[in-house]
Amino acid sequence: MNIKKTVTLCLLVASTQLAAFAHQQSISNASPKRCQAEQLIAHYEQTFGEHHEHANIATHNPNHNHNQAQQQKSTVQQLTLLRKGNRVAHYNPEQKVANIWYLNRHKQQQLTRVFERYQQGIEYQADELKAQQQWHYVRTLVDHALLASMSHQKASGAGCQRLEHYTLATATHEFQLQWLPALALPQSLVVTDKQTHQTSRLQLVDIEYGDKVVEQFTVWDALPTTDYADVGDNENNPFLAKMINQGFSGSPNAHAHHHH
Amino acid sequence: MYSRWMLRSLIASLLATSAHAAVLPEIQKSSAWYSNAEQVINTKLQQNTKDKAKNVILFVGDGMGISTLTAARILQGQMAGQSGEEGYLSFETFPYSAQVKTYNVDAQTPDSAGTMTAMISGVKTDVGVIGVDEDIERGNCATVKGNELVSAVELAEIRGLSTGVISTARITHATPAATYAKSADRNWEDVSDMPEAAAAGGCEDIASQLVNFEKNLEMRFPGIDVDGIEVAMGGGRRHFLPKDAAFNSADARSEVEGDRTDSRDLTAEWQATYEHGAYVMDKAGFDAIDPATATKVLGLFNESHMQYEADRANDIAGEPSLSEMTSKAIDILDNNDKGYLLVVESGRIDHGHHAGNAYNALNDTVEFAKAVQAAADATNPEDTLILVTADHSHVFTIAGYPKRGNPILGKVVAVGSDEPSLASDGMPYTTLGYTNGRGFADLGSETNADAIYGIDPNAGRKDITAVDTTTPGFHQETTIPLSSETHAGEDISLHAKGPGAHLAQGVVEQNVVFHLINQALGLLND
Ligand SMILES: [Zn+2]
C-alpha cells in the first residue's frame, strides 16, 4: 500500500553514472575500521528523469514518443545525510537548507528546518503519530515498507562492506536497491517507470566519519529558530516575511508523511 | 436619571402593548421568536448594574473575530446534537457588549502585542511592542526607557489585589507578556532572542521580567511593597531554562529543551524567591496544587505553546485545559479579601486560523467559552466583573447559502437540497473559508493544526467531492497563497457582565478596556 507513496519518495532521491564511478573509490578509501553507522556523513547524488538505455526496447509502444523523451534533460541534485545517534539531517547544498530530525525518548520526531542563507531556522511540532515508520526513511533514505517488500537477490563483501542486492517489480515500476546493511544506507537505489522508461537514481558518492558530524550539528544548533506556529505573527522579520510572502519552498517532510 | 429612563421605557412599552396589541395576528404574538425576543427586552429593562467590582476577570480570545464566534457557536450546538445557529457561547448571553476598534498606532491590521498593550494599559501603541507607548522604535532597546506604560496588573498588585495571568500560548507570548513586561520587541522572550546590543543596553528578556516582576515593580516605584503575581500558567518552558540538556524536564520534546544562553534557570530562581510557591510542569503537578493553601503558582506545561484542546491528550506529561486552569486560578486568587484581577488568554485560536484550520480554531473557541462559564459559575455576579473580548480578527468567512443546521465544517448544501451545491467550476465548496494562507489540505484525523506547516502551500480551488471536510485535519481552501493565514482588520466584540459591565457599549477604541477595569476596581482612586 505504501509502494505508490514510496515511488514519489524515490523520485525525490536518485544519480548519474559519473557518481557511480566516484563512489567506488571513495567508499573504499573512507572505510572505517569498524562500522560507525551512528555517526557519519553520507553524500548522495540524486538524478531525476534520466532516460534509461534499456528503454529502447519500448519503441513498439505507440503511445510513447521516444524522441521527445530522449530530449528531456535529467536533473541532478546533491543530498547529504548526517547521522549522529537519534539525530539525522538531510542537507541540500545547492539550497543550503537542512532538515534536522530528532527522535526523542518518547518516540516523537522533532523537525527543525535550517536556512543557512538566512542563518535562521523554523521549528516544527514534534510528530507523535507516524514517527516509527517515518524514522526509517529519515535515517536510511529508504522507506521501511519498500525495503520490507523487496526480494533479496544476492550479497557480496563482508562486515561493513557487505552489499545486498534487492529488487522489486510492481505493475508500474521496477526497483533496484544496493543496500549496505551494516550502515543501514543504500549504496544505490534505481527506480524505473515501466511506462515512460524514465529512471530516478539515488547514488552514494562518499562517506565521511568522525568529528565533522558533531561540528556541523553544533553550527546548526547555534542558529536562532522560530516556532512554526509563530510565523503568522512575525510579518516584521525579513526572513519570515519572505516566507510569508513567497511560501516555503519545498516541503520539509512531505516524503516522510504517511497518512491514511 | 437611570431609573427615570427605565420608567419612561416601561410606560412606552405598556402603551404600545395596549394600543396596538390587537393589530398583531395570533401567529405573530404566539410565535416563540416573538415572545423570546420580547423577554430579552423585559429582562434588560430590569437590569440595574452596579459600578464597582471587587474582582475583574479579563478573557481574551486571541484572533477570535466575530465570524469565529458565530461559527464556534454553531459548532458547539451541533456537537450537542442541535442545529447550532440558535445557541450562544457562554459569554454571548452576557447582558452588555460593545464593538471594538483594534488597529495599532502604526498598523491598520493589528497584532496581539499592540492590542493587548492597549487593553491592559489604556494606551494604543505600535505593532509588535509590549507595554511601551508609540514613541518606541521596535527592536531598539535604547528607546524603551521613558516609554514604559503601567499595566492594570501592576496597578492591581500595588493596591494589594491578587493577580493572575493564564494562557494556552507560551506565558512569554505577546498577549500574556503585555500584562507584566516592557519590551521593544514581542520576540524577546528570552535572552537568546535578543540582539546583543539589547542585552548589553540593559533590556531584560520577557521571561526574566516575569520572574523578576515583584522586584522590578518595587524598583520602579520606590516605597511600594508588592507580593508578586500569584498565578502564572501557560506554556513556554524553553524560555525559562538554560540551553543545556541537563535541565530538560520529563516533558521535553527537543534534544535540548531550554533556549537560554545566559545559563540562568528561571524556574529555580522563581522557586528561590517564592519558597512556598509551587512550580508545576504537568497535569499531575497541577492537580496536586491545593487552592485553599496555595499562595504562588508558576505552571509551565509545555516547552513551547500548550497543545490545541483537540490535541491535548497527546501531550507527553499531560496538560490542564483552559477551563481547569481558570477554575484553579480563581480558587487561589479569591483567598484575598481585597479582590483580584485575572487575565485569561486562549492563545491558540489564533494559531488554528494561521494554519488555515477552522476545526482547531473553533474547537479552542468552544473550550474558551467553557472557561468563561467556569469563571461565571465560580464567582459572585454582584462583585465580579467579567470581560470577554478578542485582540483582533482573522480573514475567516462563513459563506454561501447553506441550509439551517448544515454542518458548519461541511460543504454548502442549499435549502431544500441534500446534495452539496456546486460552484461555477462544477465543484462543491465549504461554508468556512479563508481569504489567504496555506490553503487546502486533507490531513484526516490529524488533530494538530500545525502539521500543515510541513506541507507546501496549496491555494486555489480543489476538488473536495470525496473529502470529509469535517475532520480535524481538514484545512479550508484559500485564494491568496501565503505561508500563514493573516489577521484581519475589522472590529471585534466585547462582552461584559457584573459591576461596571453596563459601561461596555457602543463602538469603542480597544484601550477603553483598561478603563473599564480601572473604573470597576478603582485602581487609581486615592
Ligand atoms: Zn496571530
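Backbone N, Cα and C atoms are what each Cβ position is placed from, and that goes for glycine too.
Within its own chain, B:Ser112 (active site, phosphoserine intermediate) has B:Asp62, B:His173, B:Ala174, B:Thr175, B:Ala178, B:Arg186, B:Asp350, B:Asp391, B:His392 as residues 6 or more apart in sequence whose C-beta sits under 8 angstroms from its own. Feature annotation from TrEMBL assigns active site, phosphoserine intermediate to B:Ser112.
B:His487 (Zn(2+) binding site) falls within a strand segment according to DSSP. Residues near B:His487 (Zn(2+) binding site) in space but far in sequence (CB under 8 A, at least 6 apart, same chain), listed by position: B:Gly63, B:Thr109, B:Pro110, B:Asp111, B:His392, B:Ser393, B:His394, B:Val395. Residues or ranges marked as Zn(2+) binding site in TrEMBL: B:Asp62, B:Asp350, B:His354, B:Asp391, B:His392, B:His487.
Here TrEMBL flags B:Asp62, B:His173, B:Thr175, B:Glu345 as Mg(2+) binding site. In the three-state DSSP scheme, B:Asp62 (Zn(2+) binding site) falls into the coil class. Taking all protein chains in view, 30 other C-beta atoms sit within 10 angstroms of the C-beta of B:Asp62 (Zn(2+) binding site).
Under the heading signal peptide, TrEMBL lists B:1-21.
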Binding-site residues, contacting chain A; criterion Cβ under 8 Å; candidates B:Asp62, B:Thr175, B:Glu345, B:Asp391, B:His392 | none
How many Å lie between the Cα of B:Glu345 (Mg(2+) binding site) and the Cα of B:His354 (Zn(2+) binding site)?
-> 17
Least surrounded, by Cβ count within 10 Å, of the binding-site residues B:His173, B:His354, B:His392 is B:His392
Around the recorded Mg(2+) site (B:Asp62, B:His173, B:Thr175, B:Glu345), other residues with Cβ within 8 Å of the Cβ centre, ordered by sequence, are B:Val60, B:Ser112, B:Met116, B:Ser167, B:Ala169, B:Ala174, B:Pro176, B:Ser346, B:Gly347, B:Asp350, B:Asp391
Cβ density check for B:Asp391 (Zn(2+) binding site), other Cβ within 10 Å (all protein chains) comes to 30
Filter the binding-site residues B:Thr175, B:Asp350, B:His392 down to those with CB closer than 6 A to an atom of ligand 1; keep them in sequence order.
-> B:Asp350
